[in-house]
Amino acid sequence: MLFVHVIPIFWGAYIAFIDLDIYTITRWMQAPFVGLRNFFTVFSPTTDVGVRYLRSIWNVVYFGLVTIPAGYLIGLLVALLLNRKFFGRTLVRGLILLPYITPDSVAYNVWRFIFQARIGIVNKYLLALGLIKEPIIWLVGDRAIYAVMIASVWKGWPFACLVLLAGLQSIPQELYEAAKIDGASSFGLFRFVTFPMLRPVSATLLLLSAIWNFHAFNQFYILLGADPGKAHVPSTFILQEAFTNFHFGQGAAMSVFLTVVVLLMTVVILRVRRRGEEW
C-alpha cells in the first residue's frame, strides 16, 4: 500500500511544483522549486501545451456527454427486455456480457481493424450502399473521436445493462400491482414506478461512468496510437507530455488536476449512495 499508492501520490505531487525535465531528472533533489508555474503553464490558453491540454479536457468532456447517455439508454432498454420472462433468457444474459468481459487490447484492436480506411468493414459497407464515394479515414483527424465513441459505447453498455437489471429485479412487485389497480398503463408503470425506483442505481452508475470516462486511456491509445492528435484526452496527453517530451513537471501538474477531479467525483458518489439509502 505504501509503495504502490502513497509514495507515488506524494512523489507526483512534489514533481508538479518543481522544474523537472530530462536534464534535471538525475539530480531531482536540486531541481528548482517553481510553485504553481507548471499549473499556470498547462492551463494557460496562451501556451502551446496549455491550448492542447485544454482541448484534451474538452475532448474527454464531449466524449463523456455522448458515450455515457448512449451507454445508459442502450443498457436500460436491454435490461427492460431481459427483465421479462422468455425462453433462453439466461443464455442471452450471459452473451450480452461478452463485449464487457473482452480484454481491452482485443476489443479495441478489432475495432481498429473495423475502422481501417481501405480494408475496414465500415467503409466497405458504406461504399457498397453508395453512402460514400471514397473511403473515410476514421482514425485520424476530427473523425477519430467518433470512432472511439462508437467502440466505447459497444464495450461499456453491457455493464450498464447488468447494473440496471439488478436494480429492476430489486423493485417490489407490489408496487406494480398497486399501480395497475390504479389504472396505470405500461408507460405509467415505467414513469411512476420503474424509473423512480432506479434513480439511486442510475445516479451511481452515471457517476461511475463519468469517472471512468474522465480518465479514459485504453480505447484512445489502442485505437489511435501514442499520438491521437486532435483526439487527445488528458490521460494520453499526460503520457505524451511527460514521457515523450520529458516535461515531467507539467505532466505531474496535469495528473494532480486529474486526480483532484476524480476524488471530487468519488465524494459525490458517496453522497449519492448515502442519499440513495434514504430514498
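Cβ atoms are placed via backbone N, Cα and C, with glycine included.
Lifted from TrEMBL, the feature list:
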type	residues	note
DOMAIN	57-269	domain 'ABC transmembrane type-1'
TRANSMEM	6-24	transmembrane segment
TRANSMEM	60-82	transmembrane segment
TRANSMEM	121-140	transmembrane segment
TRANSMEM	146-168	transmembrane segment
TRANSMEM	189-212	transmembrane segment
TRANSMEM	252-272	transmembrane segment
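Below 8 angstroms of C-beta separation, residues 63, 66-67, 70-72, 74-76, 78-80, 82-83, 93, 96-100, 102, 104, 107-108, 111, 115, 138-139, 194, 197-198, 201-202, 205, 209, 212-213, 216, 219-220, 223-224, 231 of the same chain, each at least six residues beyond the ends of the transmembrane segment (146-168), sit close to that stretch.
Listed by sequence, the residues of this chain that lie at least six past the ends of the transmembrane segment (189-212) yet keep a Cβ under 8 A from its Cβ atoms are 64, 67-68, 71-72, 80, 156, 160, 163-164, 166-168, 170-171, 175-176, 179-180, 262, 265-266, 268-269, 272-273, 275-277, 279. Outside the transmembrane segment (60-82), and at least 6 residues removed from its termini, the chain residues within Cβ reach (under 8 Å) are 89, 92-93, 96, 145, 148-149, 152-153, 156-165, 168, 190, 194, 202, 205-206, 209-210, 213-214, 216, 233-234.
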